[in-house]
Amino acid sequence: MKHTVEVMIPEAEIKARIAELGRQITERYKDSGSEMVLVGLLRGSFMFMADLCREVQVPHEVDFMTASSYGSGMSTTRDVKILKDLDEDIRGKDVLIVEDIIDSGNTLSKVREILGLREPKSLAICTLLDKPSRREVDVPVEFVGFSIPDEFVVGYGIDYAQRYRHLPYVGKVVLLDE
């Protein structure tokens, strides 16, 4: 399928928003008194996670999960599979799930449910991109970088069939007439 990628959110805007999210997260957790863990959902969140953890100014651990509901195309499936679980115990800790993009909410709802059973002190969600118009499951999201329209986006860690993760901006995929 022939397509092009148009810049939707430039790199400078992303960096500025992540700095602001870091300040908000720091403010929320600075007096918690508990250990904090940022849980990045791979693969898409890795760039966001790396930049965000440098902006969060409270001591924190970093861990990762891989949960998948996407195939190699442009649509989501309803099946959610945990492909890689956390390496560390989160019991009694403040846990912040870091996601690249929330679409239907199915994946995040399942991850939140699984992590909630592990008895964290608190459980919150931070996403770079949110598509509220696509939501099928109500998931509380405490920290949102950008709310975006229902466009297929790539870049800044987000892929299309494993391509475009390297882009320093978020772009929308525009299909071309063949």
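From the backbone N, Cα and C atoms, a Cβ is placed for every residue, glycine too.
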In Swiss-Prot, E99, D103, S104, G105, N106, T107, L108 are given as binding IMP, so which of K81, K84, K131, K172 is in that site too? K131
Just jot down the residues in the same chain as G105 (IMP binding site), at least 6 apart in sequence, with C-beta under 8 A of its C-beta; none if empty. R135, E136, V137, D138, V139
List, in sequence order, those binding-site residues among E99, S104, T107, D159 whose Cα sits within 10 Å of the Cα of R165 (diphosphate binding site). D159
CB contacts under 8 angstroms to D100 (Mg(2+) binding site), restricted to the same chain and 6+ apart in sequence, sorted by sequence, are L41, G44, S45, F48, T127, L128, L129, Y156, G157, I158
